[in-house]
Amino acid sequence: MTIKSETKSSIEVAEKKTSALSSPTTAQNDKFVQNGDDQKVRDLPQKEAAIPMGECNNAEYIEINEVVSSSRANNDRKVSLLPLVFLIFYEVSGGPFGVEDTVHAAGPLLALVGFLVFPIIWSVPEALITAELGTMFPENSGYVVWVSSALGPYWGFQQGWVKWLSGVIDNALYPVLFLDYLKSGVPALGGGLPRVLAVIGITLVLTYMNYRGLTIVGWVAVLLGVLSILPFVVMGLISIPKLRPTRWLVTDVHSVDWNLYLNTLFWNLNYWDSISTLVGEVHNPKKTLPKALFYAVILVVLSYFFPLLVGIGAVPLERDLWTDGYFSDIAKILGGVWLRWWIQGAAALSNMGTFVAEMSSDSFQLLGMAERGMLPEFFAKRSRHGTPLVGILLSASGVLLLSWMSFQEIVAAENFLYCFGMILEFIAFVRLRIKFPNASRPFKIPGGTVGAIVLCIPPTILVGIVLAFSTVKVMIISLAAIAIGLVMQPCLKHIEKKKWLKFSISPDLPDIHRDNGTLVH
């Protein structure tokens, strides 16, 4: 949340108490008053000097959610609740496009059960952790600062590297999915030079949209979300006379492709934490973020489960046909060519929305890391639209380099890297509960430290299962990518020491690496 002053920013320090940490929000110590998006200094004598960062005698605590966010943008560029819900929706889902492989891999019953049970095991815990830590650290470095504050800057950088790389790999899927849905109507897009040119063209157009500003991206996400979901509502109404509930119960556990099944479920229901790298751009994040995550969980689950119910129940089962793009074929069977084209158009819009939302998170993450001094200062430079130009260009380049991979290869590699990052997040979440038990948490998951550990057990087991099902090829490539990050961080520190590139830490961010283990501003 932005703190503005006509003269000079001041920092409130809470004194250390003998029995507990004092609250900086008491009437006695309060020097800030919330007014819309801003907090303005009040009742502050002119002679009182600002306390330099790191020089607070006996200071052990400050409300982290009240620090200056990393947006530095005007208030009219802040993202409000509705656009944030759809940004999360597109970070995670974007609609049912891509879920067809669950039916192909495991049959109708396991596909439906998977999209009911998996959110409880994975999506809800990840969304809760994102709500707590995202409001605790409302800045654009997101999960990077979570891990840095808990485990130190080295592991924070590793978190940033694997999650950014995972995000870029994930984003390379959407031009592929976009063309997979269109190739049935335009066969030339199935391969060769036309497909290559189409991928490049799509990437450039959507990258430009990211450049124009996050507010535009947010409202575009709302529009695209409505247009993407609407044809499935129509398809559901048309399918009612043709539904056969017995088709939902078909299963054959002996013919399940567990690797494809788990990877597809995991890919379609993860990335809830990606929104944390945009928290610095959110209006009143300590209230807006938890609400947006709650509504987004409901929207995502419904957007998967309802189309699967319709597609499985209204059309005779042929598992081999359930691959990318099959919903458009189902639409033709149920409603005709017009509905097929509508679904294909919705798929195109959905992939556009997912692409721009994912690129926003990836690029703002690099900006946040630069403001933390983990990357060279030029990564923190903003365009005239308030967007991280260098991060956008780098993320777009990664998408173009990876777009030649197949859908299954991209999903498997992305999932492996994502799992590594999530392990660090779970450790950081529990570690912060232990390390800073009294730190301000505008949204706090109940249960204390024990509850935090219990919450992390099911998703951690799931991470282990997903990793165990990885192929040797994916494992080797992913471990090599992780190794690059292990070496990259010391190299960047050497570059900083030699002053070959300029690194700096934003003075508006809290100090998270105190020698005495405290957390102060």
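One-based numbering along the chain as shown.
Even glycines carry a Cβ here, placed using N, Cα and C.
As given in TrEMBL:
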type	residues	note
COMPBIAS	1-18	compositional bias 'Basic and acidic residues'
COMPBIAS	19-32	compositional bias 'Polar residues'
REGION	1-39	region 'Disordered'
TRANSMEM	79-99	transmembrane segment
TRANSMEM	105-124	transmembrane segment
TRANSMEM	136-155	transmembrane segment
TRANSMEM	193-211	transmembrane segment
TRANSMEM	217-238	transmembrane segment
TRANSMEM	293-317	transmembrane segment
TRANSMEM	389-407	transmembrane segment
TRANSMEM	413-434	transmembrane segment
TRANSMEM	446-468	transmembrane segment
TRANSMEM	474-492	transmembrane segment
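At the 8 Å Cβ cutoff, the transmembrane segment (293-317) and the transmembrane segment (217-238) share at least 3 close pairs (sequence separation 6 or more) and count as touching. With respect to Cβ pairs under 8 Å, the transmembrane segment (79-99) is most closely packed against 105-124, considering the stretches 105-124, 136-155, 193-211, 474-492.
Beyond its flanks by at least six residues, the transmembrane segment (217-238) meets 79-80, 82-84, 86-87, 89-90, 94-96, 209-210, 303, 306-307, 309-310, 327, 330-331, 334-335, 339, 342-343, 345-347, 349-350, 352-353, 356-357, 360 of its own chain at Cβ-Cβ distances under 8 Å. Counting residues 6+ beyond its ends, the transmembrane segment (446-468) has Cβ neighbours under 8 Å at 121-122, 125-126, 128-129, 262-263, 266, 415-416, 419, 422-423, 426, 429-430, 433-434, 437 in the same chain.
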